[in-house]
Amino acid sequence: SKAELKGEQPSFHKIYLRAFWPILALAGLLRLFGDMLAFVGPWCVEHVVAYAYKETKSRDLPVPSLTNQNASLYGYQDNLSNNFTFILNQMNSTQTIIYKKSLTISGLVISGGKMTIGSIMNHMTLDTLFIMMLFFLFHYIWAAPLQVMVAIILLYFKLGVSAVIGASIFILAAPLQYYIARQMSVQQKKVMSNADNRVKKCNEMIQSMRVIKLLAWEKICQKTINQSRKPELWALFRAAVFRIFFNFAGVAIPILGTMITFILYPYLEDEPLDAGKALSTLALFNVLRLPTILFTAFINSFINANVSAKRVIPYLLAEDAEGFNTGDKHKTHTIGTDTMEDKPMKVGVVVESVNGTGKPVTVVQNEMSSSQSSLESNLSRTPGHSRQNSHSSLKDIMELKERRHSEPNKTGSLTVNDKKETTGRQRHTSGVSTEDEDEIAEKFTLIEARMVVEINNGSFSWDLSSKEPTLNDINVKIPTGKLTIIVGSVGSGKTSLLSAMLGEMLTVKGEVNWHKGSKLAYAAQKAWLLHDTLRDNVLFGLPYTWRRYKKIGEKGINLSGGQKQRISIARALYSKADTVLLDDPFSALDAHVGKHVFEEAILNRMLKKKRTVILVTHQLQYLSYASHVIVMKEGGIQYQGKLHDVKKVNPELYESWRKALREASTIEPRESERPSESSTEMKVGSPHLEGRKHSYPSITELQHQSSVNESQSKVNEYE
């Protein structure tokens, strides 16, 4: 932000003053005019009383009656004096900013515990309300002191020194009011913090209501929420006590000042106190009473709004997801840097050509910083899941070209060459000649045509405040149109690897390159459903196609975890994405359902249509169907490649897999599913790759085959 560039702390007050200053200025002029008119009444009281003491002849004047016209006039006046259009617009604008931020905020912030769903909900409701109330009383920051000064001056001219002494009570009470205000601020912070914790627990309970009802945990959950509510209630009680003293001071100080003034007047002044002067003085002190009360209310609102603004600003400045960044704010997808600092480097990037020829557009820049390279590199690395068009447009490239023309790079040069087969036309920005392009293409290794995604020397982290990576030295190439299975123990980094591919993790070093035009479908480990019909959850915004939907659709209202997971898989299956990422989709499914989903959805639907599938699973019986296997261990890749090479590279790992397969073979297959052949080795390889095309063995065959293998092995040992 501009404030960060200047080394300043971002301020909500400056933002709103800059955005709404014309309306605030107009309201300030009207406030000044209205406050000055408030002194007309006390000034006239003395003259009215003096006039009343004079002898006047009786006049039979008609008493005005209340008519519909008068009622309408009073109604219009009340409506104009309570018009909240501006502050409602201001509140809506704040809520809109918070909502838009929730669409782009990085999952690292939420998962890291820095912010919770409960705190975001409080930002949308309580914090925006407190900020709105500050602007409701905004002009009292200057109007109230001005009224007090004018009133004291008028009192001095009427009652002399005694009025000044009485009015000095307002100044003497200021330190006490400041102390009470500070304590209110401390208690308000505690209230908001405890409220975040309570809302978080309530949200968790509501989301898990079905399980809570099933296990009769209502009393336990109620007790937990009540325990989190107690600190909030205690903080609210203390804040209420201080608020009572604060409001009492606002009411009592004007009365105390009036009493002191009338007590001291006979001793300090020689003139007698007549009725007109006394009533006029009371009216002036009454004028003092209103700004004092409103000024205390403004201080209270300012404290609450200041606390809320300090809570909302870190949320708005939180890291955005890497897939949606368009600049160097977070230095995303940096290439060739060992740290997250800006360092000069050499960069070579390929962007998809949009001229219909399929030839790439080479973008080269020498000695440019990582922050400068992030925009260009994102053009080739932003996949279809980034809620943007999955194809780089010629307009984006030309805008980049024009930007480089208008802002010449002192450290290097940029060349954008868009070659067409028909005309052979070339575009240059500066510096690099066409003869150097072949050398550049050879120098920088680009993603292979048969690979859908490639990670080179990647290190990724979940912690935004630490440079210690969660995944270290990741080098992965995922083949296009094949099944890749990622396995490993719990906590080894399987889900993190998928998140790194999707741009959900912080890139410490290295790069993630997606094949041009990639469109992604992602089924998370925990299914996410819309509050909508089953069909709309599967379609997920795509047009309804009866032939496609009828094969995977299923009706139901109360869904179990397995049903939710199947809907998530069906959504990915129904999508038109050519790359599907599945994060442990069989965890909520039993063995038979998982086998059916794997055979029908993955083998017969996705792979037959040459869709790339990246599967994270603990079900080792599916390994023999994989073209590429990645084994994760302690945040790194232990092994990757063909399954049949595991026995040579790591026999212990191979035997552990065989043991797991033997345990999985406890489900006895039906007679019709028994195979006619047996083997002494664990079935390996990818049967759908070489010679078998799309004729896949069933999972039951694989499990039974493993059981036969074990028996045959024991016979061989006995012999």
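Yeah, the Cβs are placed from backbone N, Cα and C, and that goes for glycine too.
What TrEMBL says about this protein:
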- 366-380: compositional bias 'Low complexity' (COMPBIAS)
- 393-408: compositional bias 'Basic and acidic residues' (COMPBIAS)
- 453-659: domain 'ABC transporter' (DOMAIN)
- 15-33: transmembrane segment (TRANSMEM)
- 129-157: transmembrane segment (TRANSMEM)
- 163-181: transmembrane segment (TRANSMEM)
- 244-268: transmembrane segment (TRANSMEM)
- 288-307: transmembrane segment (TRANSMEM)
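Of the two recorded stretches, the transmembrane segment (163-181) does not lie close to the transmembrane segment (15-33), with fewer than three CB pairs under 8 Å once pairs fewer than 6 apart in sequence are set aside. Residues 12, 35, 130-131, 133-134, 136-138, 140-141, 143-145, 147-148, 151, 167, 170, 177, 181, 184-185, 188-189, 192, 243, 246-247, 249-251, 253-255, 257 of the same chain sit 6 or more residues outside the transmembrane segment (288-307) yet have a Cβ under 8 Å from a Cβ within it. Long-range contacts of the transmembrane segment (15-33) within its own chain (CB-CB distance under 8 A, at least 6 residues past either end) are made by residues 86, 90, 93, 135, 138-139, 142-143, 146. Summed and averaged per residue, pLDDT over the domain 'ABC transporter' (453-659) gives 83.
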